[in-house]
Structures are given as structure tokens and as C-alpha cells.
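Here is the structure we will look at.
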Amino acid sequence: MAAANLRAAGGLPRIDVRNVSLRYFTLQGETQALDDISLTVAPGEFVSIIGQSGCGKSTLLSIIAGILEPSGGSVTVDGRPVTGPSPSIGYMLQQDYLYEWRSILDNALLGAQIQKRDMREARERAIHLLHKCGMGDFLHHYPRQLSGGMRQRVALARTLVTNPDVVLLDEPFSALDSQTRLAIADEVVEVLRSEGKSVVLVTHDIGEAIAMTDRVVVLSRRPGRIKSEHLMRFPSHGKRPTPFEARALPEFNTYFSTLWDELDVHVEG
Amino acid sequence: MSAEMNAVPPMTMPASAAALPAATPAKVPSAAYAKWLARQRREKTLVLASRLLLLAAFFGLWEILAKTKVVNPMLTSYPSALWPTFVDLLHNGNLLTHTWATFKATVVGFVLSMVFGIAIAAGLWWSRFANKVLDPFLVVANAMPKIAFVPIFYIWLGSEYSVYGMAVAIAIFVTIMVAYEGFQSTDPNKIKLATTLGASRAQVLRMVVLPGSVPTLIAALKMNIGLSLVGVIVGEFQSASEGLGFLIVNGSQVFKLNIVMTAIVVLALMSALMYLVIARVEHHLARRYG
């Protein structure tokens, strides 16, 4: 279900990024961070964006989320232009950033409270989601009592409580140790798929991109341009593998070496 | 790839250990654990006993040195002479009225400088422009010896309000600077998170910046109470007709060091009491905000 196929079939993309560019101004000069990015994401599709540090991939996510205004081009979600943070977009940051003065349940309710939703309904949904993310026994705990993986699960629940159509993940596992990130990638993908979300994942971890998403977009070095797109298909498995299963499939290694060459990594020093 | 992986910071807690949020003590504590607990208790008792001993030694030394005329008791007075003075002041000298006046003025000054200090700091956080403009003035105002204003405050505000004014003048600038520093050091990512959820600036202030700064505000609280007391006493030196500061100045003018020393001891007790109250508040808040 590539975006191109979808467009040919006449479906409306969930996210439509058109010719987006971004320039930064500082007193030292100006920097072209993103250059002419166009990208669509279909409803229910998982797309990842990979690129080296500083290529502007997180910046692109901030633009889609509406917290950064592009210098040129436009972003629409479900046909509506993005002009600021919107309840239909959920954003998961690199770390959980749970508020340590709020209980787990109250942390999960942050978005609902900010958006002045019906709190009784939101509470029910938060409890349901926390159970779904395996945090049901910790509703009244405080963040400092939880491990990194547990905290990131709460962050996922917090993102989903306001029921956004699109979830943006900005290296959401980068603060976790490698075992935890493998385990939690499975859980997060499962929850997001079962909720029918469209997902954009930004990561510098090639394996994570291949295992978690349907399509991988490679960004070039600054200024970030789209270098190539790759569909992740696992015919040897039949139905869609979980991220953990995907890592053991033969296709995984093929994709890995392709993407590794695309990224053109040079270790400096 | 591997270089990037290595760059990932390790998690702060191992997942397995952290999965037990509160340590669940074993039903029957082992002998080693009982011993460890006993040692902890012993240390706590020892600290408390040492403190009391230190206090007793101080008063004992004071008494002995004055009684044996190593120091001139006319100048230092001595503890056993303070008690009769204390009782006398209590019955005939309105000690309670003086203490209450000082206490009330301190609380008023403390509350005013806390409320206005935090409000001004929030205003500075809100407007980066205002902060840039006002920053040097604040630094100078804070460095100014506010005591220089005592006579002016007396003329402007009269005898009662000049005491409050002095307390606020001495305490508020530190409150503003400490609170602003706390607001400013709020993790920008916590603010970004609220912003992605659609939070307005007022919501960010109320839901992120203020609760996130509670530990800093407690630090400001501690400084503030001490400084308010300083301001009150200094104010009373000049202008008041009651209060412990008045008692101290009055006593020294007629060379009754017993009165001066008694007032100072009462002042020390008052500081200790206020410190205890704040420690309670801190303990209560630290459980949630620490």
C-alpha cells in the first residue's frame, strides 16, 4: 500500500507534505535545514524517516506537528492545512518527559486537560490505554518509581489519550537500553496498529526503521532532501511480522545493507 | 551503525530492579537487616544528642565565663540572669506583644515578598523583552544595601508599614531572582511536550513551569523567611514602638544587656520555629515534587 499506489487509486493521503523547506536564521548566518521535501502518508501506514544526525529529520517532524512553521511549502493532515499544534496529531518525543509531580494517570491525562476535553471520558480512556500498554497496575505511582521502558509506555498512552489520527515518533526509544528498545518496539507497534494510527517514525537506527515501518524514507545530509524511498516487504513471512520477528527474516539483512549504503555513513576522526 | 548505538545513553535504572516500584520488605527481616536498622537508629540518636550537647555547652560556657568574670557580665549578661528577665518581661514588659508584633510583621513581609516575587518572576518569564530590559536594574536593586532606605521608609510609610516595607525590600529581590532562575531552568522539552498537545502560554506556566519549579520555590521560601526577619528587625530598630527589634535597641540604649540578650534568645527561638514549619512544608512537598 505505497503512497504512490494509493494516490493512483484516488485515496486521500492522511499526511501530505508538499515542497517543504526550512531556513534557520542566527546572528552567525542562515542555514538551509530542509530543501523541497514532499511526502505522503496513507491512513494506517507506518513510514520512517532515517538520516544522519543533523539532517533535519526531527525538524521535519516538528513541522508536521505544527510547532515549527516551514519557510516554504505546506503540510496538510486529512486535507486541512497544519497551522499549529492540532488534536489530530500526537507527538512522542525522544524521552518520556513525564512530569514527576503528576501520577501516572495524571500524566496520561495531560493532553486531555490541556485541550479541555470531557475529563470523565478521558479518564476512562486513559485507564484503558494504560492497561493496554501494560501499565494498569501503576496508575497511582509516580514517574520516578518506574523504569525507562515503563515510562515510555506511559508516554505512548499519554499520546493516544486524545485519540489523534496521526502519531509522530521522534526517536522514541533512543533513551532506552537495547533489550528494552527491542521489547518496547513490538508493544508500541502493536498498540499503534490496533488503534489504526498513521505513524511517522524518525530514527537513526536503520534496524528499527526496517522492523517497525512499511516504508523507509532516506534523507540526505544537510540541507535535508529526500534521497530515496524503500518499501519494506517480507514475503518469506507471509503475514506482517512483528518488529522482533522481522529482524530474523532474510529480507531484513538485504534492506539493512541497501539502507546502509544509502546513508553513506562516514565515521569521522 | 555501532558507533551510533554506543552513543545511546544507558538507562538510569535496570528494568528488572525498577519493576519493583517500592521495596517490599521481607516478612521476617534477616539478622543483618535488623542490625543495619539498629545502626541507622543509633546514628540518628547520636546526631540529636550531639546537637543538644552542643547547645548545652554553649550556654554552659557562656554562664561560666560570665560568672568567673573572664568576660564582663555587664557586656554579655549570662543565661541564669536571662530567665528572671524573661519572666519579668513576660509579666510587666509585654514580651508577648513585642514577639507577636515581630512575628506578625515577618509573616506579612514573607507572604508579600513571596507572592509579589513569584508574580514578578512569572512576568519576567512571560516576557523575554521585559526580562532583558529589567535584568540590570534587578541586579543593582538586589546588590543595594536596603538598610539605607530605613529612614526614608519611616518617613514615607510611618512606623508600622515601614517595618513591612523593609521586610519586603530585603526579601523580594532574592525571591524574584531565585524564582525566575527556577522558571527559566524548566526543561524546554517538558514545555515542548505541552506545546505539542496544544498548550497556551498560560497553561504552560500553570501546568509545567510553576509545578516544575516547586523545589526552587522552596529554596526561595527558606531564604525569604530569614531575610524577612532581618528586614523586620532592622525596620524596628529605627521606627517601631514595639517588636523585638525595638526591645533590643531600647535595652541597649539604657544599657540593660539582660533585656537585649533575652530578646535575642526569643528571636532565635522564633527563627527555629519558623524553620521547623518550613521543614515540614518542604517534607510534605518533596514527596511529590522532589
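Heads up, the Cβ atoms here are built off N, Cα and C, so glycines get one too.
Residues 71, 76, 78-80 of the same chain lie 6 or more positions beyond the ends of the transmembrane segment (B:45-65) yet place their CB under 8 Å from a CB of it. Taken from TrEMBL, the feature transmembrane segment covers B:45-65 (among others).
The domain 'ABC transmembrane type-1' feature in TrEMBL is assigned to B:99-278.
Residues 131, 134, 163-164, 166-168, 171-177, 179-180, 182-184, 205, 209-210, 217, 220-221, 224-225, 227-229, 231-232, 235-236, 243, 270, 274 of the same chain lie 6 or more positions beyond the ends of the transmembrane segment (B:105-125) yet place their CB under 8 Å from a CB of it. According to TrEMBL, the transmembrane segment annotation covers B:105-125 (among others).
Residues or ranges marked as transmembrane segment by TrEMBL: B:137-157 (among others).
The transmembrane segment annotation in TrEMBL covers B:163-183 (among others).
Annotation comment: TrEMBL describes B:204-234 (among others) as transmembrane segment.
According to TrEMBL, the transmembrane segment annotation covers B:254-278 (among others).
Only residues 6 or more beyond the boundaries of the transmembrane segment (B:254-278), in the same chain, are considered here, and those with a CB under 8 A from a CB of the stretch are 74-77, 81-82, 85-86, 89, 93, 95, 98-99, 102-103, 106, 218, 221-222, 225-226, 229, 233, 244, 247-248. For the transmembrane segment (B:163-183), the list of distant contacts is 105-106, 108-110, 112-114, 116-118, 120-122, 124-125, 131, 138, 141-142, 146, 149-150, 153, 156-157, 209-210, 213, 215-217, 219-220, 223-224, 227-232, 234-236, 239-240, 243: same-chain residues at least six beyond its ends, Cβ to Cβ under 8 Å.
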